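Quick look at what TrEMBL lists:
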type    : residues                         : note
BINDING : 61, 113, 158, 165, 189, 241, 259 : substrate binding site
Ligand code: DON
C-alpha cells in the first residue's frame, strides 16, 4: 500500500503547478504550493502514508463536517434541517445569491459557508470559548491527537477579512435562520475554520465515518450510524462544492475539501483518507489532491457507485 501511495504522489506532483494557493485569507498564501501528501487508515487501524502527510494545514471547510455533526448531536435532525437544506448548489462556496432569490429560503446545504455558519450557530454552550472547546474536544478525541488546536494567525487573518461571511450571517439573522449575537457566531466559525491538523488527523475522522461512527482502533462509538450516514451522504452531494458531481463521477467517494488544501474522504466500510495539496483550482479544491484521489480510487476500486 505504501508503495502505491508513493507512486501516486510522485506521478501527480506535476499537477501542483496547475492551481494557486488561496490568498483571499492572507495567511493562507504562505503555504508551499508544491506540497502534496496522503494518509490512508484501514478499518483495522493500520496507517499508510506518503509525501507531505505530516505537514500541518488549517482544515477550513473540512470542519463543516464537524460542525454539522455537533449541531446534529445538540439539536437533532429535524431542528438542524429546518435551518439548513440538504440539496447541492451549483454556486460557489461563498455565494450569497441563493439565500434571497432561490427556494428554499435557507442555505442550500451545510457544506457551503452560509450553511456552515447556520450549523455553527446551533452548537450549544454558554460562550464562544465553551463552544470552541466542544469542537476541539470532539476533534481531539476522534483524531487521538490532544495537540489539535486552532491557528491564531489564520483565525485573526480570516476575522479581519471575512466580510462576505459577515454579510451572509447578517442576512440569515434578518431571515431568522440564525439566532443570537452574529459577531459571536462568526467568531466561532472563524476559529473553527482555522483548526489545524495533518493528513493523518483528517484520515482518522474519515475512518470513523467510514466505520459508521465507531473508532476503528478502539471500537468506541462516537456518533450514531444515522448521523454518520447523513454526513457521508451530504459529503457526496455537496462536499466538493460546485465540483461535487464531477468528483462523484471520477472518484465516487464521500469527500470534503477545504481552501487550506485538505481533502477528507471516507470510503464506507473500507478506509479513511486524508490528502493535502494547497494548490487549488478555481472552485477551491486541491488540484493535485483530486488527481491523487482519482488514481487511488481507480487502483483500489473505491467508488461507492
Ligand atoms: O469561510 C471561508 O471562506 C473559509 N474559512 C472556509 C472556506 C473553505 O474552505 C471553502 N473551501 N473550499
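Including glycine, each Cβ sits where the backbone N, Cα and C put it.
Because the structure is a prediction, the values reported are computed rather than measured.
Taking the features listed in TrEMBL, we show where each one sits on the structure.
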residue : record                 : DSSP class
61      : substrate binding site : helix
113     : substrate binding site : helix
158     : substrate binding site : helix
165     : substrate binding site : helix
189     : substrate binding site : helix
241     : substrate binding site : helix
259     : substrate binding site : coil
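Taking 61, 165, 189, 259 as the candidate binding-site residues, the subset whose CB lies under 6 angstroms from any atom of ligand 1 consists of 61, 165, 259. The local packing around residue 259 (substrate binding site), expressed as other Cβ atoms within 10 Å of its Cβ over all shown chains, amounts to 25.
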